[in-house]
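> Got a structure for you, questions after.
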Amino acid sequence: MASYKVEQLPSPLSVLGEGPHWDVERQSLYYNDIYGGSIHRYDYAENKTYNATIDGFPVISFIIPVKGNERHFIIGTDRKVTLVDWDGRSDKATFVRTVGEVEPTMEDNRFNDAKVDSKGRFYGGTMRLEAKGDIFEMRLGTFYRYDAKQGKFVTLKQKIGVSNGLCWNEAGNLFYYIDSCDLDVKEYQVDANGDLSGERVVIDFRVNGEKPSFVPDGMTIDANGSLYVATFGGSTVYKVNSKTGKVELEIKLPCEQVTSAAFGGPNLDILYVTTAAKEFKSPQPAPAGALFAVTGLGVKGTPMFPVDLS
C-alpha cells in the first residue's frame with residue numbers, strides 16, 4: 001500500500017473551498033471559495049496562492065479556464081455561468097458577460113460543482129441553498145451539460161439533492177457522479193453527444209442502511225480508473241476501485257470538512273485537496289479551510305480540460 005504524505009500549502013483558510021482545477025499549461029491549481037466569494041490560483045513553481053474577488057458576486061460555485069483565452073474563466077454565480085477576466089495575480093477579476101442561465105425562477109437554488117470533459121463540454125448541476133433547510137429534505141436540483149454551439153443547457157438528470165463530484169475515465173466513455181444526498185457514487189455510459197445512460201452504483205457509503213457520519217462531496221479519478229471521493233464531515237478522501245466499489249485507501253486530512261480533490265503537479269501525481277473552515281456548522285479550527293497536497297500515492301491523474309465556448 002502506498003505511503004502518502006499530507007502537506008498544508010500556503011493559502012487562505014476558505015469558508016467553503018471547492019472546485020480544484022489543475023491547468024497543465026500554467027502549472028497552476030485554480031479553485032474557489034463558494035461563500036468567501038473568491039477565486040484562487042496556486043502557483044506550483046512559486047508555491048504561492050493568488051486570490052481575487054469579483055465585484056457583485058459574493059457567492060462563486062466553481063472556476064474553470066476558457067479555451068483560447070488565458071485571461072478568461074467561467075465561474076458559477078447563483079444559477080448563471082458567468083465569464084470573467086483575470087490575470088491570475090491581481091486581487092480583482094472583472095465581469096465580462098453572462099454565458100447562460102438555468103432555473104431563472106428558482107431563487108432558492110444555486111449552481112454547485114461543475115467540470116469539463118475532454119471535448120471541452122461544460123457539465124454542472126444545481127442544489128437548493130443550504131440556508132433554506134436540511135439538504136436531505138428536498139430534491140430541487142438538476143444536472144446539465146451546456147451545448148455551446150446552440151447556446152443552451154441540456155438536462156441530464158432531475159430531482160438532484162446536491163449535485164457534486166463529477167469525473168470521467170481517461171477514455172471519456174464512462175462518467176462518475178455524486179448526488180451527495182444519495183450517499184453513493186454512480187457510473188454512467190457517455191454517448192457521442194455527451195448524454196448519459198446505463199446508471200450503475202459503484203459504491204454506497206451507507207452502513208447497513210444507516211447514513212454515514214459524512215456526505216460524499218467532490219471527486220476525481222486517476223489514470224488507472226480509481227476514484228478519489230472527498231467526504232464532508234469525514235476528514236478523509238476515499239480511494240475507491242471504480243470496478244469493484246472496494247475502498248483501496250483512506251487518505252486522512254487534518255480537518256473534518258473535506259470538499260474536493262484534483263490531481264496536478266508537473267507529473268500529475270500530486271493530489272490537491274480543498275477543505276472548508278465553516279459552512280453551516282460552527283467554525284472549524286485551523287487548518288480547516290486550507291489547501292493541501294498529498295504526495296506519495298504512486299499514481300497519476302488524468303488531465304483536466306478548459307471549457308470550449310466557441
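Even glycines carry a Cβ here, placed using N, Cα and C.
Keep in mind that this is a model prediction, so the values were computed, not measured.
Pasting the feature list from TrEMBL:
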type: ACT_SITE; residues: ASP217; note: active site, proton donor/acceptor
type: BINDING; residues: GLU18, ASN164, ASP217; note: divalent metal cation binding site
type: BINDING; residues: ARG110, ASN112, GLU130; note: substrate binding site
type: DOMAIN; residues: 16-276; note: domain 'SMP-30/Gluconolactonase/LRE-like region'
> Highest Cβ count within 10 Å among the recorded positions GLU130, ASP217: which residue is it?
ASP217
> Let me know the largest Cα to Cα distance in Å among the substrate-binding residues ARG110, ASN112, GLU130, as an integer.
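Of all Cα pairs among the recorded substrate binders, the widest measures 11 Å.
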> Taking the Cβ of ASN164 (divalent metal cation binding site) as centre, how many other Cβ atoms lie within 10 Å?
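Cβ-Cβ neighbours of ASN164 (divalent metal cation binding site) within 10 Å number 30.
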> Are there residues of the same chain, six or more positions away from GLU18 (divalent metal cation binding site), whose CB falls under 8 angstroms from its CB, and which are they?
TYR31, ASN32, ASP33, ILE34, SER61, PHE62, ASP113, GLY218, THR259, SER260, THR274, ALA276
> Measuring Cα to Cα, how many Å separate ARG110 (substrate binding site) from ASP217 (active site, proton donor/acceptor)?
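Their Cα atoms are separated by 16 Å.
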> Return only the integer: C-alpha distance in Å from ASN112 (substrate binding site) to ASN164 (divalent metal cation binding site).
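Given the Cα positions, ASN112 (substrate binding site) is 7 Å from ASN164 (divalent metal cation binding site).
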> At a 10 Å cut-off from the C-beta of ASN112 (substrate binding site), count the other C-beta atoms across all protein chains.
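Taking all protein chains shown, ASN112 (substrate binding site) has 24 Cβ neighbours within 10 Å.
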> Residues near the substrate site, ARG110, ASN112, GLU130 excluded, by Cβ within 8 Å of the Cβ center?
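Going along the sequence, the neighbours appear as ILE34, SER61, ASN109, PHE111, THR126, MET127, ARG128, LEU129, VAL162.
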> Taking the Cβ of ARG110 (substrate binding site) as the centre, count every other Cβ atom within 10 Å, in any protein chain shown.
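Result for ARG110 (substrate binding site): 21 neighbouring Cβ atoms inside 10 Å.
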